[in-house]
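Below is one structure, written out as structure tokens; comments come after it.
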Amino acid sequence: MFACDELLLNASTIDATGLQLSNQAIVIRKGRIEWCGSEDQLPAHFQESAKSRKDCHGQLITPGLIDCHTHLVYAGHRAAEFRLKLQGVSYADIAKSGGGILSTVQMTRDASEEELIEQSLPRLLALKNEGVTTVEIKSGYGLDLQNELKMLRVARQLGEMAGVRVKTTFLGAHAVGPEFKGNSQAYVDFLCNEMLPAAKNMDLADAVDVFCESIAFSIRQAEQIFQTAKDLNLPIKCHAEQLSNMGASSLAARYGALSCDHLEFLDENGALNMVKANAVAVLLPGAFYFLKEKQKPPVDLLRQVGVGMAIATDSNPGSSPTTSLLLMMSMASQFFSMSIPEVLSAVTYQASRALGMEKDIGSIEVGKIADLVLWSIKDSAALCYYFAYPLPHQTMVAGEWVS
């Protein structure tokens, strides 16, 4: 029998559905979970051979949290626009005066890679401080070849610097590049012919996303991008049905999407197509709150048809300027009436599915990477009850305690 590196005893844990289990033990060897289950069934040789033991005193251990939808890499901020919004100035007027997403695009283009790292790293570290061990980071504030690739390179570097697993998503189809104003189709053609192949060839993109909406890209344009991604063997995601029902979720499902995100205006047909594709619904309560939206995502429908629900921060300067996944968990339970187990699964197992990583992370199961968080609480409901609190007692990444 092999000796194990770490033995965690007397713990409360959660399963993949978010249900809490008591009197649990976890055996860790070579960065992965060697055994887990009820402590009274723990094989004796693990007790005898463990190099290190930790009595958790009944405290909660969860998988490392996963933020599966962020726009963490950008320069500057839009606090001045927020002041104008509070004074009643419309988004259209703000955009006409040079604000909105294109202001972030300009600041991001003007920033060097070093400056982007300096501004973005604290955001990633703030997530890590909450027990987040895996983060998805999208591009989408470059909107040209040079700057989209720059954003993806920075995202990769941030993961290495912070000790957080980062998955990158190419979101060149976030808005039309300013050089192509009035000719969105020419921009889409350039994206498909030049930008996306370059991101693939440089191994900078793990997935491809499209903002499919009347103010962004049409169904036909989204399909062109999805087909290009498919040809490049890149999985897809979609900003879908956020402001209206365009059928983007059904289109994305047809291309085997990992996830469809936002979904406030999702209908039954779209939900059923997501079930067929095994796509995850990524709900973003931060954007719902910050934009003062009235239409909630159809959580009851998603439950009824069996679509898995994930939660993410959508961290970005325009519609969700937050770096707290814990706060999103509280918001999801309050705004969207999600149960405690649903919320816990949404930031662990379902979030791993949204990234196509469920075989390696997202749940406490034998063979998976030992990304774990030990909390100074015994009741899992506390993670949703408090606002952005408590912080982890300790976090483990791939079998090593990092905090």
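These residue numbers are counts, starting from 1, taken along the chain as shown.
Quick reminder: no glycine exception, Cβ is built from N, Cα and C everywhere.
Residues or ranges marked as Fe(3+) binding site in Swiss-Prot (evidence: sequence analysis): His69, His71, His239, Asp314. With a 10 A radius on its CB, Asp314 (Fe(3+) binding site) counts 27 other CB atoms from all the protein chains. Reduced to three states, the DSSP call for Asp314 (Fe(3+) binding site) is coil.
Annotation source Swiss-Prot lists Zn(2+) binding site at His69, His71, His239, Asp314.
Here Swiss-Prot flags Arg78, Tyr141, His174, Gln242, Ser319 as 4-imidazolone-5-propanoate binding site. Under DSSP, Ser319 (4-imidazolone-5-propanoate binding site) is assigned to coil, being neither helix nor strand in the three-state scheme.
Annotation comment: Swiss-Prot describes Tyr141, Asn316, Gly318 as N-formimidoyl-L-glutamate binding site.
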Maximum Cα-Cα separation in Å among residues Arg78, Tyr141, His174, Gln242, Ser319, which the record lists as binding 4-imidazolone-5-propanoate: 21
Nearest recorded site to Asn316 (N-formimidoyl-L-glutamate binding site) by CA-CA distance, among binding-site residues His69, His71, Arg78, His174, His239: His71
Binding-site residues compared (His69, His71, Arg78, His174) - highest count of Cβ atoms within 10 Å: His69
Alpha-carbon distance [His69 (Fe(3+) binding site); Gln242 (4-imidazolone-5-propanoate binding site)] in Å: 14
Cβ atoms near Asn316 (N-formimidoyl-L-glutamate binding site) (within 10 Å, other residues, all chains): 26
Binding-site residues near Arg78 (4-imidazolone-5-propanoate binding site) (Cα-Cα within 10 Å), from His69, His71, His239, Asp314, Gly318: Gly318
For Ser319 (4-imidazolone-5-propanoate binding site), nearby residues of its own chain (Cβ under 8 Å, 6 or more apart in sequence): Gly286, Ala287, Phe290, Leu291
